[in-house]
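S.K.: Take a look at this one; I'll ask things after.
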């Protein structure tokens, strides 16, 4: 069940869903807006001949911090990792999805490639997979509204929420854009 604005406010007021810092003015009819942080991970294409999801490639990306008052310019065809300014904590019976903002999508900005789902039990900043499919560069300003979180009530609490030992959670407690850790559980046949 998708939570309404009233349900979202109730979850926030009770502390079951936590967003820090919280601006209740960003609650929408069935979501809450999230803002862009000042950290980005850029791909260093010259370090490796290809990306291998089964290998640890620690120099595949580098962290960049945007100066105060400056934008990050995302060029056409570019893909970078960003993150939400807000930290999110979910209980074991609520999941979330990160969705883009319609106004930004109409400019050619995509906020996630495939990883829009946030498991129950997650806590941390949400990594965004930002790409520019427009024909002109797009300025990304730290603090701008970059997406929205919608919340789903599970029919029962997750038996093994994100962060529990059974799930092998890679990104619990992440701060800033976090590179892929797919190699940690990669299975070759």
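Glycine too: its Cβ is placed from the backbone N, Cα and C atoms.
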S.K.: Looking at dCTP binding as recorded in TrEMBL, which candidate out of 92, 119 goes with 101, 102, 103, 104, 105, 106, 127, 128, 129, 148, 162, 174?
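M.R.: So, going by the record in TrEMBL, that would be 119.
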S.K.: List, in sequence order, the same-chain residues at least six positions removed whose CB sits under 8 Å from that of residue 116 (site 'Important for bifunctional activity')?
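M.R.: Long-range Cβ contacts: 97, 98, 99.
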S.K.: I'm trying to understand the geometry here, so how far is the Cα atom of residue 148 (dCTP binding site) from the Cα atom of residue 117 (site 'Important for bifunctional activity'), in Å to the nearest whole number?
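M.R.: Taking the Cα atoms only, residue 148 (dCTP binding site) lies 12 Å from residue 117 (site 'Important for bifunctional activity').
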S.K.: What are the non-local neighbours of residue 119 (dCTP binding site), defined as same-chain residues 6+ apart in sequence with CB under 8 A from its CB?
M.R.: 90, 95, 158, 161, 162, 167, 169
S.K.: For residue 129 (active site, proton donor/acceptor), which residues of its chain lie six or more apart in sequence with Cβ-Cβ distance below 8 Å?
M.R.: 79, 81, 110, 111, 112, 113, 114, 115
S.K.: Given residue 117 (site 'Important for bifunctional activity') and residue 128 (dCTP binding site), what distance in Å do their CA atoms have, once rounded to a whole number?
M.R.: 11
